[in-house]
Amino acid sequence: MASTTLSDLPDVILSTISSLVSDSRARNSLSLVSHKFLALERSTRSHLTIRGNARDLSLVPDCFRSISHLDLSFLSPWGHTLLASLPIDHQNLLALRLKFCFPFVESLNVYTRSPSSLELLLPQWPRIRHIKLLRWHQRASQIPTGGDFVPIFEHCGGFLESLDLSNFYHWTEDLPPVLLRYADVAARLTRLDLLTASFTEGYKSSEIVSITKSCPNLKTFRVACTFDPRYFEFVGDETLSAVATSSPKLTLLHMVDTASLANPRAIPGTEAGDSAVTAGTLIEVFSGLPNLEELVLDVGKDVKHSGVALEALNSKCKKLRVLKLGQFQGVCSATEWRRLDGVALCGGLQSLSIKNSGDLTDMGLVAIGRGCCKLTTFEIQGCENVTVDGLRTMVSLRSKTLTDVRISCCKNLDTAASLKAIEPICDRIKRLHIDCVWSGSEDEEVEGRVETSEADHEEEDDGYERSQKRCKYSFEEEHCSTSDVNGFCSEDRVWEKLEYLSLWINVGEFLTPLPMTGLDDCPNLEEIRIKIEGDCRGKRRPAEPEFGLSCLALYPKLSKMQLDCGDTIGFALTAPPMQMDLSLWERFFLTGIGSLSLSELDYWPPQDRDVNQRSLSLPGAGLLQECLTLRKLFIHGTAHEHFMNFLLRIPNLRDVQLRADYYPAPENDMSTEMRVGSCSRFEDQLNSRNIID
């Protein structure tokens, strides 16, 4: 009797199985062993990202007939205008070929340096509903005002609902006239994303008012702007009121100051100044947006007495689930234990982020933990009055719901203190971000902080004791059998469900102390992101030869890494005497990476801002070639063709790409290593190899 195979399963069961497999490579593997699954996969797949060289688009198969979401932004050579290198007649033929292979496209992502590529592609799919444009290069001066957007509204006006410009560098004066010119199309837009990180000043007040008037049916609006009253046409009370009046259907609103986008870790001093946004206007805005579900206001200047407005937010926007506040003061004063105030009254929140709130105290955190009983995600940044006691209490109160915690730029919360604070959920947390700030005498510092808190805030300590009695949390008994004098567990922690870890570390520091802080047992950690930031110029040579990546080998399931040295600044060329150039720093950062069993790596090389160069060095290429298990490698910078050839020694490497996804991206191919011919030759060699599996 013949054995039963996967193909013998009924189509209904096979379809259910296929819907449970989300990983693209796993689906492709299943397609190789089952003809039924192959036919089902090809006929039902709706999302497709095309990689490979743009010159080979004619070889795209025509079996994916149900594709509705098509991403062409990662074609190689990355960052070049699609089809521009081909003769005009070939360009039209390739555009028609794409239409034939994917006839039902409704969502399109494309990298465009000029409107010519849009003029070719968009007529092929007149029923497009969503378009995402990408461009990190400077806008060409010969493009007429609004020229980047006219093809979109001209060819897709009948069905267009969503426009995403979050990764598209453009001039802010380009968009409002086009929206006015195509008023009927603008009126149908429900999603507009203008949160572009490459802006220096962002959208002006009058431009935001014009945009929201042209798009009265917006449900999602994200924009980068300037709240600083010292700037011309800054965003203040009038602008916020106009947004609420013109777009009352908003469910998602993000308004972020460009200074926060340029330097997200900045902690303003007492001289930061006040914004032109008042609590009274915020109450009016919240009243005008009753459907709001997600709100981000990162103002960059102090918003005083915001607690009253946040109390109104709870009563006016009952559907609110996600809230992020930057530079808001008085978010939760917690002056009375019996009465919750400020953001603590927003009991429906599932995600809360508080940034640079100078007057937030431990008692405020405890009140938030009591009031926001549905929190699954919590982020705190730049809150200097918060200590390990308050954060630990808040985490304990929400131990049954919290799975994602991010702690950064809090002077009283170094690495050890942060981990002690979230210890009550060490067996439940799935995603974590902390700063790697090492302390020589951690216990003494923690004890000192507690004593200082007791001396300065007796009333708050009394309230803290009452909170212990009322809440009856007993995390010590749950998580450990013995505790030290500060109430922290002395047994080893096991981070059973931790899957993603994000770390920030200052340049010149070492990663090696990380396991000794209590993060040594993470059996299910799959992905890690490490951001190294700082100025190498003037730094002494590190005492040890390596940064410490080899210490990550103790995580058995670690397979994905993002190593971001993009904000590490140094000398790309010859360094002054007694200093290290970036190639030596890159050797310091990457030494030991070959000991990790990584399958995917995103790497941002350090940069020299004076010459706008982020390039993989010879030591860097030599160390990356030691990652023998890599399958995907994306270098967010440039590299010599000779250095790229080192990577061909990685046996199973399938996908490699150079991406200058930073502003301004290198403009002239002759001044960089990212020439079309170089990239094409390397990809040809990569694709000609036999891959074992």
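A Cβ is built for glycine as well, from the same backbone N, Cα and C atoms used for every other residue.
Among the features that Swiss-Prot reports, domain 'F-box' is placed at 3-50, with the record citing sequence analysis.
For 49-74, the entry in Swiss-Prot reads repeat 'LRR 2'. For the repeat 'LRR 2' (49-74), the residues of the chain that approach it from at least six positions outside its boundaries are 42-43, 80, 82-83, 85-86, 93-94, 97-98, 100-111, 121, 130, 132, 134, 655, 657, 680, 683, judged by C-beta separation under 8 angstroms.
Taking Cβ pairs closer than 8 Å, the repeat 'LRR 3' (75-100) reaches residues 50-55, 57-58, 60, 62, 110-114, 116-117, 120-121, 123-125, 136-137, 657-660, 665, 674, 676, 679-680, 683 in its own chain, all 6 or more past its ends. What Swiss-Prot lists as repeat 'LRR 3' is 75-100, and the listing cites experimental evidence.
Feature annotation from Swiss-Prot assigns repeat 'LRR 6' to 168-196; the stated evidence is experimental evidence. Look at the repeat 'LRR 6' (168-196): DSSP puts its residues at 16 helix, 5 strand, 8 coil.
Non-local neighbours of the repeat 'LRR 7' (200-225) in the same chain are 162, 166, 172-173, 175-176, 179-180, 183, 186-194, 231-236, 238-239, 242-243, 246-247, 249-258, 261-262, 291, 296; each lies 6+ residues outside the stretch with a CB under 8 Å from one of its CB atoms. Swiss-Prot lists 200-225 with the feature repeat 'LRR 7'.
Residues of the same chain lying 6 or more positions beyond the ends of the repeat 'LRR 8' (232-257) and with a Cβ under 8 Å from any Cβ of it are 195, 202, 204-209, 212-213, 215-226, 275-278, 281-282, 284-285, 287-301, 319, 326. As annotated by Swiss-Prot, repeat 'LRR 8' applies to 232-257.
Same-chain neighbours of the repeat 'LRR 10' (302-327): 251, 256-257, 260, 268, 272-275, 277-280, 282-283, 286-287, 289-296, 333, 341-343, 345-358, 379, counting only residues six or more beyond its ends whose CB sits under 8 Å from a CB of the stretch. Look at Swiss-Prot and you will find 302-327 tagged as repeat 'LRR 10', backed by experimental evidence.
Confidence in the repeat 'LRR 11' (332-356), given as mean pLDDT, stands at 93. Among the features that Swiss-Prot reports, repeat 'LRR 11' is placed at 332-356.
Under 8 Å from some Cβ of the repeat 'LRR 12' (357-382) lie the Cβ atoms of residues 265, 267, 302, 324-325, 327-334, 340-351, 389-391, 393-398, 401-410, 433, 453, 457, 460, 463-464, 467, 471, all in the same chain and six or more residues away from its ends. As annotated by Swiss-Prot, repeat 'LRR 12' applies to 357-382.
For the repeat 'LRR 13' (383-409), DSSP puts the residue distribution at 10 helix, 5 strand, 12 coil. Here Swiss-Prot flags 383-409 as repeat 'LRR 13'.
The repeat 'LRR 14' feature in Swiss-Prot is assigned to 410-436. The DSSP breakdown of the repeat 'LRR 14' (410-436), given as helix, strand and coil counts, is 10 helix, 5 strand, 12 coil.
Positions annotated as region 'Disordered' by Swiss-Prot: 445-465.
The feature repeat 'LRR 15' is assigned by Swiss-Prot to 480-505.
Per Swiss-Prot, repeat 'LRR 18' is recorded for 608-637.
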Discussion item. Can you tell me which parts of the same chain pack against the repeat 'LRR 11' (332-356), counting only residues 6+ beyond its ends and a CB-CB cutoff under 8 A?
Written reply: 267-268, 298, 306-307, 310-311, 313-314, 318-326, 363-368, 370-383, 404, 406, 463, 466-467, 470
Worksheet item: Which bits of the chain, at least 6 residues beyond where the repeat 'LRR 18' (608-637) starts or stops, bring a Cβ under 8 A of a Cβ in it?
Response: 566, 569-573, 582-584, 586-587, 590-591, 593-594, 596-602, 643-644, 646-647, 649-662, 664, 666, 672-673
Worksheet item: Excluding the flanking five residues on each side, which residues at least 6 beyond the ends of the repeat 'LRR 6' (168-196) place their CB within less than 8 Å of a CB in that stretch?
Response: 130, 133-139, 145-150, 153-154, 157, 160-162, 202-204, 207, 210-211, 214-224, 254, 256, 261, 663-664
Fill in: Residues from the same chain, set at least six apart from the ends of the repeat 'LRR 13' (383-409), whose C-beta lies under 8 A from its own
265, 267, 351, 353-354, 356-366, 368-370, 372-377, 417-418, 420-425, 428-435, 446, 449-450, 453, 464, 467-468, 471, 473, 475, 497, 502, 504
Worksheet entry | the repeat 'LRR 3' (75-100), counted residue by residue under DSSP: helix, strand, coil | 13 helix, 1 strand, 12 coil
